[in-house]
Amino acid sequence: MVYHKTEKVLEKQQSRKRKILNAARELLAEKEMGSASIKAIAKKAGIATGTFYLYFKDKDALIDTMLKEIYKELLDLIKKERAPYTNGFDKLEATMKACINMFMSKKNLARILLDLTPQNNAVFNTKFTDIINDLIWLTKIDLDELMEQKLIPEQDTQVSATAFVGAFREVILAWINSDEPLNEEQAYRTLINFNLRGLGKS
């Protein structure tokens, strides 16, 4: 007889899996990848270490799932912020605003995405590289459009997009790691204006 999981059982499993993922997010934002053991993650989630393996083959599988979730959250927010705009500058601003809003409101999440590299974990490094490359690609699309419309000077948009994303990442990291109070609106406008001037916006 084939056993079919009831809705209640499935909900319980999903809840436990969510606890594991949330525990991993919290621990990985505080520790280096090698220091966040499966035992520590299981303890944080309130489960036995053996239970962890019912949901994830190993820590790499957990990291892979966690990063996919985090990146999807970021992309969904970026798409939502960009949706009302057609102008390239407005879309760039919307992308930056989405990232700033998410990272400043969820600093642990930002540290996971931006600050835990380089690490001796191939899965993490691969996902991190994919995330950065995708953000560069999105930025390059906007820059190509702006250059085609002659709204910014002729330039190598791949280089400009790489510099744009890299500088943006460093500033965000400085903000989230600082103990100094931050006027977020003023800082947001300063960063956006600085980046857009660097691209050649008059």
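For all residues, glycine too, the Cβ spot is worked out from N, Cα and C.
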Can you say which of 37-56, 57-76, 97-116 is given as DNA-binding region in TrEMBL? 37-56
Averaged over the DNA-binding region (37-56), what pLDDT does the predicted model reach? 91
For the domain 'HTH tetR-type' (14-74), what are the DSSP-based totals of helix, strand and coil residues? 48 helix, 0 strand, 13 coil
